[in-house]
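Presented below is the structure to which this report refers.
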């Protein structure tokens, strides 16, 4: 063996050892803020993590989104989000709500997803009671005036036009429509245009009555907040919220979301680039291998021409895409739901490169399932740990994390548990999960743009179990 070879082998061994050590001492994570949870008599769960400071975030997280709609009222959850800020008897106009929040230096935000809705505020600690009062008022006493509903239609229609102009939004909506055909997850969050134009006050109120029940509400807070005081405030302000007569589990059991391998393409030769996604059925929130698939997502990575690293990036697929000039960008996504999920790649490329790009993506899936190594697994575990543990920093992120995890898992994951579960992932775990989910499967495929060169579906499916030469 030459001296150069000996030096290379020695360097490789040192490199391997550097990743085999624990680079983070997790003991400090055991002293993270305690999550206190109290369940009220009407089913509302109040959860807090108290830290020192002057600021607190408090929010209401609702186990209700577009998945609980029908074809007839699809879009009502999102419409409700818009209307919730339009006035109550106590705060009769949108301006009165905004002024009150601004006068106490706070902020109010909301979102609607396929499974959840959320309304949350960030305020100084002395204003937490005011925040609870505002949230309880808008969620229970909104007037939903017909004139304001008519005005808001135009706003939502404009929002829909904007979304339809964003290729990534269109691709992911089409991906859901293809993967979950004829099911609740296949619908869009905004709903079809005809529904936006026709949703009524009665439909909005009915949706609240059916879905905004105590057993489906989590009120979470983080930062400078006292748990016992918040519990008393919620007891008072949300006393009129009732338990559901039909449990959420019974309602959800009636909703089927079977994954269907399929394709949905929209050809538009006037567009300069192809936007596409290829995805497989993934894991739900509660699956024990959740963090393994998160790690696989990290390993496959993301890339775009604007990143500073250029071609010098850690991701194997990213290096190939950059070196061979295959794409303008690509990303890896893992979207979780209660009983299923989507995992895959989204890509943007020139029409003549799409065949090679799709092939390399699926080749990378197979490589991870069969021959990924310890060094890349350990390196990406550190990256995943960093991005995941950052979600435990900052009152807004912590408040959101508490609400989401209690809705999806029924409990709060501590930073120490997250660290332990990620740190214990092995190469064998990665290969096992990748082999199960990413090999020899029928994917869902969507593409828009000049797609004449997009590979035939049978080729895409075939590339999940054999490599193109």
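Even glycines carry a Cβ here, placed using N, Cα and C.
Long-range Cβ neighbours of residue 81 (active site, proton acceptor) (same chain, at least 6 residues apart, Cβ-Cβ under 8 Å): 110, 111, 112, 117. The active site, proton acceptor annotation in Swiss-Prot covers 81.
Per Swiss-Prot, the feature Zn(2+) binding site maps to 78, 82, 159. Sequence-distant neighbours of residue 82 (Zn(2+) binding site) (same chain, 6+ residues apart, CB-CB distance under 8 A): 152, 155, 156. DSSP classifies residue 82 (Zn(2+) binding site) as helix under the three-state reduction.
Counting every protein chain shown, the number of other Cβ atoms lying within 10 Å of the Cβ of residue 159 (Zn(2+) binding site) is 14. Note on residue 78 (Zn(2+) binding site): other Cβ atoms within 10 Å of its Cβ, all shown chains, come to 25.
Compute the center of the Cβ atoms of 78, 82, 159, which mark the site for Zn(2+); besides them, the chain residues with Cβ within 8 Å of that center are 79, 81, 112, 152, 155, 156, 190.
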